[in-house]
């Protein structure tokens with residue numbers, strides 16, 4: 001099956017944390033011309049032969065109604081898994097073009113141990129969207145970070161596609177920092193800041209050039225700033241339609257290491273976040 005024919009999969013919960021994700025996923029499926037699968041995990045403690053009961057059927061029916069109301073042209077199906085939610089969504093990512101996960105404000109323990117959304121992002125075989133809330137009606141920016149790395153280049157390309165697909169402006173953010181030793185000592189090495197700023201500007205210019213070649217009609221705004229990259233992205237993401245970040249695309253245990261910027265963004269983003277893989 002071609003990647004474009006694969007479904008968008010969204011996790012359904014009984015807590016209400018997936019309500020925004022369902023609507024966002026329906027729009028994403030419509031934008032991609034893809035079917036939508038609503039996946040509800042009841043967990044391994046429920047026997048496969050057990051009657052799932054009216055509450056489960058009601059949750060799925062309500063989610064399906066919401067998805068169809070949001071995107072009437074999208075083919076919507078429902079599935080039930082007897083795995084834990086994180087495992088079920090990670091498994092589904094092997095045959096999906098996008099997995100969508102709802103989330104909520106994390107507790108201190110979740111920040112340390114990891115939320116379901118973080119687990120899915122770390123283990124997924126495809127792009128994952130984490131949706132804390134729907135963007136506002138005036139949101140017209142897709143924000144992405146660029147640092148010259150290969151995984152950031154993938155994120156920039158994906159962000160440009162999303163911006164063009166949704167008729168949004170693209171903001172490409174590059175944040176650079178002083179080395180910690182200079183910041184801690186309160187000194188500036190001769191010419192360091194000028195050189196670092198020039199290198200950052202050159203990297204950003206290269207990112208913009210690649211976008212403009214591939215998407216000549218897209219409105220692109222560069223944003224070069226001295227500061228912590230995660231903080232710069234979060235500040236720019238306020239009021240945005242979407243924030244796009246890259247992951248390291250690793251396998252095994254190393255896949256859990258998304259990178260400090262992606263991790264920080266997932267914990268505190270004010271808008272939907274799309275995490276793309278190399």
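Every residue number used here counts from 1 along the chain in the order it is shown.
Each Cβ is built from the backbone N, Cα and C atoms, and glycine gets one as well.
Curation plays no part in TrEMBL annotations; they are all automatic predictions.
Residues or ranges marked as domain 'UspA' in TrEMBL: 8-132, 140-277.
Confidence in the domain 'UspA' (140-277), given as mean pLDDT, stands at 83. Applying DSSP to the domain 'UspA' (8-132) sorts its residues as follows: 57 helix, 27 strand, 41 coil.
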